[in-house]
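Colleague: Pasting a structure here, questions to come.
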Amino acid sequence: MCDNNHHNELVISDDPMHPANLICSLCAKFYEKDWCLGTGGGISIKDPHTNHYFIAPSGVQKELMKPTDLFVVKGTANSNELNVDDVTFVRRPVGLKPSDCTPLFLTCFKELDVGAVIHTHSTNAVLASLLYDDFFEISHIEQIKAMPSDKWDANANKYVNLLFQDTLRIPIIGNKNFEYELTDDLLEVCKKYPHSCAVLVRRHGIFVWGPSIAKAKIYNESIDYLLGLAIQMRQMGLPTVKSTLTQGHK
């Protein structure tokens, strides 16, 4: 469904932290990192004030994208109320179509109650997806400490991040001809690994999510660094998961 009103007031703001401005500025930065070339990739953010979901368009060069190019899905008080199969747009720019990842973005919002989802075609993500089977795994690397875990700290009353010696595990799913066909596989990952913050799509790229766009960005950058490091470690014959069997390595 769609309301044909342009509703530009939803995407025009002087606030650089407004979801529409953030999506455009981050997509431009990701383009510079070769993560979103040739119109590939995208970002979706849930506005914490209106609960609307802002979604990048399909087929628009990411470094040239403007706030008025963005789609806005009607907000829901609770993300689990989202109807992924019957989306209501409160803003739909003429001549454009929403990202092909829209059902994937909305699935993450609905199932995991996150605040933002990032999708890139990072070279590191594609290569790493070819080096591992069902999961990408890496341990004993300092940057792992930036990643969330399933460990609950009763004193802090929150889930805490991974520790240096912990193992980061990211599920890997197979690619399909069309991105919407990945929805069921992504849904399965969300249900089986609710504390995961990413999924690799073999020969395609990666989806990363977090409670806010700031956290999702941190996770995405950290994961890409760890993926690149793992690729180089494998080239050097080094294991990416350190154990008692590999204690001969530093």
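Cβ coordinates come from backbone N, Cα and C, glycine included.
A TrEMBL annotation is a machine prediction, not a hand-curated record.
Per TrEMBL, domain 'Class II aldolase/adducin N-terminal' is recorded for 21-231. Residues annotated as substrate binding site in TrEMBL: Cys101. As annotated by TrEMBL, Zn(2+) binding site applies to His119, His121, His204. Per TrEMBL, the feature active site, proton donor/acceptor maps to Glu142.
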Colleague: Using DSSP and collapsing to three states, where does His119 (Zn(2+) binding site) fall: helix, strand or coil?
Modeller: strand
Colleague: Among the binding-site residues listed here, His119, His204, whose Cβ has the fewest other Cβ atoms inside 10 Å?
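Modeller: Checked His119, His204; of these binding-site residues, fewest Cβ neighbours within 10 Å: His204.
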Colleague: Expressed to the nearest Å, what is the distance separating His119 (Zn(2+) binding site) and Cys101 (substrate binding site) at their Cα atoms?
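Modeller: For His119 (Zn(2+) binding site) versus Cys101 (substrate binding site), the Cα atoms are 8 Å apart.
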Colleague: Using all protein chains shown, find which of the recorded positions Cys101, His121, Glu142 scores highest when you count other CB atoms within 10 A of its CB.
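Modeller: Result for the most crowded candidate: Cys101.
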Colleague: Helix, strand or coil at the residue listed as 'substrate binding site', per DSSP?
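Modeller: The residue in question, the residue listed as 'substrate binding site', is coil (DSSP, three-state).
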Colleague: Beyond the listed site residues His119, His121, His204, identify every same-chain residue whose Cβ lies within 8 Å of the center of their Cβ atoms for the Zn(2+) site.
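Modeller: What remains near the Cβ centre is Gly40, Gly41, Thr120, Ser122, Ala125, Val126, Val201, Gly205, Ile206, Phe207.
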Colleague: Quick one: pull the CA-CA distance for Glu142 (active site, proton donor/acceptor) versus His121 (Zn(2+) binding site), whole Å only.
Modeller: 25
